[in-house]
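One structure below.
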């Protein structure tokens with residue numbers, strides 16, 4: 001990161017369309033390392049710091065020299081990248097070749113490069129003289145995409161830009177794959193990773209630390225956004241190590257079926273989906289079925305005396321008394337007195353989706369664009385609504401998030417409760433969420449942070465003085481009240497095995513976190529920083545941001561204004577060239593956002609430079625406006 005670029009900005013205004021100083025400083029580093037030196041980079045920027053815009057700005061610059069292939073996890077994130085590409089183009093004040101940029105989902109990329117599940121090696125020549133940008137890079141390994149990336153790296157000898165807010169998912173194995181992909185050498189995992197009998201005993205050994213420092217030297221960019229522009233986080237529940245957890249004591253009914261499931265079905269309890277299910281809610285015989293879809297077709301099948309299922313529909317008094325779920329009993333009781341929007345994470349999409357829907361409906365909460373709840377709760381004269389997001393409803397996710405994030409929904413009057421499975425753990429942004437709930441314990445520390453990072457990020461809150469509430473729910477035995485204050489108290493298996501599943505899961509998470517934090521601190525220390533004049537390839541982009549910042553505070557200045565000239569000459573040292581640049585932006589009517597006039601264009605008026613507000617107007621028959629800095633096309637019948 002070029003800290004000299006950050007020093008050019010003073011009191012940067014973030015509330016307008018903008019490129020942040022750290023993004024420009026990182027862009028300089030990427031151009032020098034990937035384009036000039038042909039070396040791969042790991043962009044390890046913590047969630048919410050704007051990795052996507054950095055990557056797309058870099059793609060626009062790189063398109064002048066090479067083809068750029070951007071790989072994203074799924075079609076929904078591809079839509080986000082396509083939208084953000086438009087944002088990046090509008091902020092980009094230089095030439096680029098759009099035809100050289102290709103954005104693929106992993107599915108389409110697989111189809112493009114495999115024939116009958118075999119890599120089409122002859123077709124890989126299309127990636128010669130290319131650069132690959134991989135979003136959520138920690139997720140591509142252990143599948144065909146990771147295999148293909150390794151083949152392309154070895155065959156085509158091209159650099160990669162790997163984006164990740166959490167380069168370690170479950171164990172250091174992921175980091176080992178990243179090192180292998182970024183370096184010119186083949187990594188022997190047996191030499192750098194030590195393995196014990198348990199997953200939590202998978203560690204990066206001293207040899208691995210040395211390999212990491214040696215092979216990735218100069219290839220790491222670490223950044224974490226300052227939290228000064230974020231709301232405070234208020235964790236609820238009792239103290240649990242370095243966080244807080246809400247103990248939800250199970251009823252005798254739930255505890256009985258919980259223990260039956262644990263004894264009969266869970267040979268490897270920490271990884272068994274059945275324990276996720278019964279920790280959320282018990283459903284009698286449903287807990288004993290490996291194929292839930294089969295039982296969902298049953299007609300009026302009794303699960304408990306006061307709970308039945310009919311063609312996949314749950315009904316009965318138990319959905320209100322909630323002896324089947326200590327977590328939902330706490331949740332339903334708590335939300336009645338809370339204001340604002342809720343984001344609720346759960347991992348068991350099929351089972352959890354069924355439980356959530358009918359508990360919410362039975363307790364007076366209506367399904368968004370669906371069934372109305374019993375005796376519905378109201379807000380502003382409208383029912384309080386919920387939606388459940390799983391991988392099965394990808395097609396409507398974008399529209400749903402538009403409603404959830406709209407300013408009109410800041411109070412949750414359009415959509416108050418958003419339940420989501422793992423599909424929402426990465427890449428999406430949620431606005432004005434005041435309550436974050438964990439109905440199931442995440443598998444990894446990185447996943448936990450990613451879920452929080454969907455909401456708690458820069459620009460997601462208008463009022464940062466109001467805290468965000470986090471509820472990490474754990475189903476525990478009716479008599480369980482242990483204080484968990486130190487991991488050292490739980491080093492023996494016999495002490496851990498008697499704990500409730502959720503508590504074991506949390507301890508497991510914390511054990512892995514120790515190793516994750518150790519490696520992250522090494523990566524942070526390796527992050528490349530320097531102070532140099534800006535790279536020639538980013539000069540116009542940098543000047544564009546400086547001009548936007550200048551004219552936010554200045555509506556009218558003299559054409560030969562000394563402050564403007566000084567600002568431009570901080571980048572373009574030659575005064576004549578600096579004056580020519582000022583002529584170009586004024587005669588080209590550069591777009592700015594002014595604090596008085598809002599969206600404006602620069603004009604020369606007599607001996608002054610003025611900001612002239614504008615707006616797009618159109619006749620009723622116009623059905624499409626494509627507005628970019630290069631052109632303005634109006635399409636009509």
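A Cβ is built for glycine as well, from the same backbone N, Cα and C atoms used for every other residue.
Database features, via Swiss-Prot:
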| type | residues | note |
| --- | --- | --- |
| DOMAIN | 32-185 | domain 'Helicase ATP-binding' |
| BINDING | 45, 46, 47, 48, 49, 50, 51, 52 | ATP binding site |
| MOTIF | 135-138 | motif 'DEXH box' |
| DOMAIN | 327-507 | domain 'Helicase C-terminal' |
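Features as recorded by Swiss-Prot, highlighted on the structure.
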residue: 45; record: ATP binding site; Cβ contacts under 8 Å, 6 or more apart: 26, 51, 54, 163, 165, 221, 222, 223, 224
residue: 46; record: ATP binding site; Cβ contacts under 8 Å, 6 or more apart: 165, 223, 224, 225, 449, 453
residue: 47; record: ATP binding site; Cβ contacts under 8 Å, 6 or more apart: 165, 166, 449, 450, 452, 453, 454, 457
residue: 48; record: ATP binding site; Cβ contacts under 8 Å, 6 or more apart: 225, 453, 456, 457, 458, 460
residue: 49; record: ATP binding site; Cβ contacts under 8 Å, 6 or more apart: 22, 165, 223, 224, 225, 458
residue: 50; record: ATP binding site; Cβ contacts under 8 Å, 6 or more apart: 20, 22, 23, 458
* Taking the Cβ of residue 51 (ATP binding site) as centre, how many other Cβ atoms lie within 10 Å? -> 24
* Asked: With a radius of 8 angstroms around the mean position of the C-beta atoms of 45, 46, 47, 48, 49, 50, 51, 52, what other residues of the same chain does the ATP site pick up?
  -> 165, 223, 225, 457
* Near residue 52 (ATP binding site), how many other Cβ atoms are within 10 Å of its Cβ? -> 23
* Structure fact -> Confidence over the domain 'Helicase C-terminal' (327-507), expressed as mean pLDDT on the 0 to 100 scale, is 88
* For the motif 'DEXH box' (135-138), what does DSSP give as the number of helix, strand and coil residues? -> 2 helix, 0 strand, 2 coil
